[in-house]
Amino acid sequence: WEFNGSFYQPSAFLMMGIPGLEALHHWISIPFCALYLIALLGNCMILLIIKKTQSLHEPMYYFLSMLAVTDLGLVLCTLPTTLGIFWFNMRRIGFDACLTQMYFIHILSFIESSVLLAMAFDRFIAISRPLRHPSILTKRTVMKIGLVIVLRGMVSLLPIPFLLKRLTYCRKTELSHSFCFHPDIMNLACADIKVNVFYGMIILLSTVGMDFIFILLSYILIIKTVIGLATKEECLKALNTCVSHICAVLVFFIPMIGLSMIHRFGKNVPPLVNTLVAYTYLIIPPALNPIIYSIKSSHIREALLRALRRKSE
């Protein structure tokens with residue numbers, strides 16, 4: 001412990017695996033390894049297919065590339081500490097290393113939320129203004145949107161590590177997860193955390209909260225546009241282009257909202273439920289998104305089949 005008057009700061013935190021199932025961590029690591037492998041290979045495959053296939057050089061697939069890169073980042077942020085606990089019982093993480101991991105996890109989560117909003121905007125333009133879609137969402141515009149998304153995440157979350165470093169911490173240093181999460185670290189402090197709570201809530205509502213509201217608004221406008229289409233076939237065809245995006249939105253936002261509510265209001269929630277929701281939030285979306293888009297997008301599916309045929313020949 002570092003001591004400076006009445007100021008205490010731990011040199012390290014202790015991470016938690018799955019509470020009550022510590023004896024089974026080696027066996028539990030098998031499905032986790034499978035999910036991490038699917039996420040790594042699936043998202044790399046999506047990026048490679050989009051890069052190699054000229055016909056996929058469109059705004060929809062540029063945004064999908066951003067989503068895949070973000071998912072890869074989330075996987076690489078949590079994989080070392082999660083598997084380190086399951087395989088080697090390496091629970092210790094340095095204070096600064098924990099803040100760094102936390103910062104990148106939250107940045108990537110905010111970026112994923114913003115990319116999903118950009119994808120909803122792309123679907124709305126493609127359905128409501130199909131002739132103007134290429135001129136509205138040019139390659140340059142997509143790059144600008146991507147840059148704004150990254151900068152918004154980095155700048156909005158920049159104060160968080162400094163707000164945590166100024167706090168005085170109690171003797172308890174055990175986190176609730178196998179990764180570092182802002183509310184989890186904050187709740188270990190013995191000092192007044194009102195500023196942290198207020199800032200965290202404002203940032204969450206003004207970024208992820210607003211993204212979710214605008215995604216809902218985009219789909220309300222999409223449904224309104226689709227209803228006005230001439231035939232039922234055209235209506236179904238337009239909605240079918242949105243199915244994979246809707247699945248990605250649900251897979252990401254439902255666990256994220258659940259985890260945020262548990263950390264802020266669910267003090268009596270069993271630790272096992274808290275842990276499972278956290279893993280669902282950080283591991284399931286990166287693993288499922290490539291599968292969802294590979295199944296629902298005929299262009300990606302066809303490009304993948306062509307690549308497999310070339311390898312088999």
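Placed from the backbone N, Cα and C atoms, the Cβ positions cover glycine too.
Summarising the annotation, TrEMBL assigns transmembrane segment to 24-50, 62-88, 100-121, 142-164, 197-222, 243-264, 276-295. Residues or ranges marked as domain 'G-protein coupled receptors family 1 profile' by TrEMBL: 42-293.
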Whether the transmembrane segment (24-50) meets the transmembrane segment (276-295): three or more C-beta pairs under 8 angstroms: yes
In the predicted model, what is the mean pLDDT computed over the domain 'G-protein coupled receptors family 1 profile' (42-293)? 90
May I ask you to check whether the transmembrane segment (62-88) and the transmembrane segment (197-222) make contact, with contact taken as at least three Cβ pairs under 8 Å and only pairs 6 or more apart in sequence counted? no
Looking at 142-164, 197-222, 276-295, which one has the highest count of Cβ pairs under 8 angstroms to the transmembrane segment (100-121)? 142-164
